[in-house]
Amino acid sequence: MDLQTFLQQFVNALSLGSLYALIAIGYTMVYGILRLINFAHGDVFMIGGYLAFYGISTFVIPWWLAVALAIALTTLFGVGLERAAYRPLRDSPRISIMISAIGASFLIENLAIVLFDARPKAFPVSDFFAANYVFSGVYVAGISLIIPLVTIVLLAVLLWIVHRTKTGMAMRAVSTDIDAARLMAIDVDRIISITFAIGSALAAIGGIMWALKYPRLEPLMGIMPGLKCFIAAVVGGIGSIAGAVLGGLLLGFIELMTIAFLPELTGYKDAFAFVLLIVVLLVKPTGLLGKNQGEKV
Amino acid sequence: MNMSPVLHDTQRRDRMLTIGAALLGLALLFVFDSMFDPFTMQIFKLCAINIILALSLNLINGFTGLFSLGHAGFMAVGAYTCAILSMSPDQKAANYVLQPIVPWLANVHLPFLPSLLVAGLFAGFIGWILGIVALRLRDDYLAIATLGFSEIIRVLLTNAQTITNGSLGLKGLPRYTTMWWAWGSAIAITIFLVLLIKSSYGRAFKSIRDNEIAAEAMGIDVFGMKVLSFTISSALAGIAGGLLAHYLTTIDPKQFIFLKTFDILLIVVLGGVGSITGSVVAAIVVTVSMEALRFLDGPLNLGFMVTHGIPGLRMVFFSALLMIVVIYRQQGLMGTAEFSWASLSRIGLLPKRSSKEAAR
């Protein structure tokens with residue numbers, strides 16, 4: 001393998017990994033606060049892609065407006081999801097909350113099949129995103145350049161919110177101890193809603209960029225990326241934003257580099273993430289950057 | 001008043017009722033077998049397979065309190081093992097068109113029962129290995145690890161062309177799953193699980209579910225019991241998979257995506273997590289209504305408007321039902337309660353005491 005091929009794969013892996021990172025952040029934030037795998041996060045991601053598609057193709061509004069609307073509506077959707085499926089079960093056993101999360105995901109997927117039609121749709125990609133740029137022999141699609149940039153900007157904004165604003169401080173407080181936070185007069189429900197809003201907005205942006213990169217929409221398209229990004233969050237250390245980014249990038253690189261160096265393993269691509277998950281959980285269950293939490297009796 | 005003869009009489013009455021119900025059930029099976037058309041029979045058989053699946057998932061999720069989402073994978077292992085073992089060499093030659101099957105499997109040709117048993121044992125073996133690895137994890141980590149495992153199985157099945165025929169799947173399997181096989185297995189497994197749950201093992205499982213640390217303090221080998229429960233559950237799922245393969249007569253890796261596990265989870269949750277009766281009843285109700293509600297996918301006349309066929313509406317109904325049950329009635333149909341003759345007399349369907357006792 002020469003340097004040029006390596007760079008080509010590097011660019012591809014970077015853009016895929018950044019996408020994974022963006023979605024993984026949503027998982028890690030919700031898990032950090034509610035100790036809940038939001039199984040429906042991958043479906044929120046799918047909704048984002050579809051809403052942008054309908055904005056651009058059916059309602060023929062300018063793409064920037066369609067994207068903004070899609071992000072806003074998906075955010076509302078995510079907040080509504082938390083209200084309807086998770087809030088009523090706040091004090092229930094964990095197994096019930098998990099079944100609710102799985103049920104919500106199941107319901108959204110089936111609704112999507114009914115509303116959006118099971119047949120795949122082609123996402124309209126403008127020339128700007130589709131065009132290939134050549135840098136000393138390495139081909140880079142416009143979208144592959146934009147994804148890492150968007151991820152970096154969003155990550156900076158997010159870190160600013162979490163570490164420099166009052167809301168962010170409240171989020172960290174709820175994540176550390178939900179009961180103590182309530183005693184400190186933090187409106188826990190509001191903070192949870194905000195967390196879901198941020199996570200869903202990131203998922204929507206991820207979904208739209210995913211659709212620009214792989215322009216094919218299907219009602220079940222969120223499942224695999226959703227699972228992989230959850231794995232990325234676990235590998236990085238669930239609850240940690242930096243961990244989610246690290247895990248996402250790691251997963252993107254492992255996936256593409258393995259295919260590049262060992263093409264005969266291409267068929268097993270979707271299994272890498274799960275093998276990585278099982279290995280990491282056995283060797284370092286708290287993930288690469290996770291804090292060790294003692295077991296409570 | 002002397003209590004013991006009274007108890008004795010009630011016990012004897014319950015035993016007579018059980019034997020009577022069993023005979024009635026057998027007679028009904030016999031009548032159904034000769035009376036119903038093939039389509040109804042297919043649904044009836046599917047009920048039995050779903051009972052096994054729901055019970056095996058309930059053993060691990062409901063009775064041992066370990067949230068596993070790997071059932072589709074164990075079903076796939078069982079289905080493929082049973083199918084490959086029971087196909088004749090000619091059928092194999094006809095199926096494996098892209099690449100021939102590996103030589104050591106090419107001439108294996110077993111009858112149905114040994115194939116089914118090997119399928120169960122092999123799925124159990126895989127479950128045992130996975131259990132040793134994954135049961136160190138808890139709660140949602142376990143759920144994701146088992147889900148991931150079932151996806152890994154599916155990817156392996158798709159790529160192991162010389163063993164599983166890859167994504168082409170296996171076609172034209174013999175239709176071995178008659179009603180007697182399906183219901184016979186379902187009844188045998190139900191009885192086995194009832195006895196297991198009542199045994200000291202079952203008590204150990206439930207104590208792990210209720211409080212793992214207390215169970216450990218009471219001297220229960222928590223990890224060993226978890227692995228045992230997981231192994232049994234996987235083996236039963238493998239048997240159900242084998243029955244399913246010879247019921248459908250066509251299998252391919254896509255059938256065993258993890259959404260299949262959700263279907264079973266739906267039955268378990270509706271019936272009551274931790275109730276054998278609930279799983280059996282819900283398996284029958286869900287299987288029958290899945291068929292009965294097929295009209296939802298077709299054109300609908302709502303009075304004020306007529307819709308064209310909306311494929312998928314049926315599954316929306318079931319997933320919405322799942323959500324409603326989880327949010328408003330978490331215990332499902334039965335909670336952790338079980339059917340007994342005593343419960344029938346409590347609600348007044350049977351006399352409180354037999355007439356002989358009343359006369360005394």
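Every residue, even glycine, has its Cβ placed from backbone N, Cα and C.
Residues annotated as transmembrane segment in TrEMBL: A:6-27 (among others).
Residues annotated as transmembrane segment in TrEMBL: A:63-85 (among others).
Sequence-remote contacts of a segment are chain residues at least 6 beyond its ends whose Cβ falls under 8 Å from one of its Cβ atoms, and for the transmembrane segment (A:97-116) they are 34, 36-40, 42-44, 46-47, 50, 81, 84-86, 89, 217, 219-220, 222-223. If you look up TrEMBL, you'll see A:97-116 (among others) marked as transmembrane segment.
What TrEMBL lists as transmembrane segment is A:136-162 (among others).
As annotated by TrEMBL, transmembrane segment applies to A:191-210 (among others).
Here TrEMBL flags A:230-259 (among others) as transmembrane segment.
Sequence annotations record features per position, and here TrEMBL assigns transmembrane segment to A:271-290 (among others).
When Cβ distances are compared across the two stretches, the transmembrane segment (A:230-259) makes no contact with the transmembrane segment (A:63-85), since fewer than 3 pairs at least 6 residues apart fall below 8 angstroms. Sequence-remote contacts of a segment are chain residues at least 6 beyond its ends whose Cβ falls under 8 Å from one of its Cβ atoms, and for the transmembrane segment (A:63-85) they are 40, 44, 47-48, 51-52, 55-56, 100-101, 103-104, 108, 126, 192-193, 196-197, 199-201, 203-205, 207-208. The transmembrane segment (A:136-162) shares the most Cβ pairs under 8 Å with A:6-27, out of the stretches A:6-27, A:191-210, A:271-290. Long-range Cβ contacts of the transmembrane segment (A:6-27) within its own chain (Cβ-Cβ under 8 Å, at least 6 residues beyond either end) map to 37-38, 41-42, 44-45, 138-140, 143-145, 147-148, 150-152, 154-155, 158, 198-200, 202-203, 205-206, 209-210, 213, 225-226, 228-230, 232-233, 236, 238, 241, 244-253, 255-257, 260.
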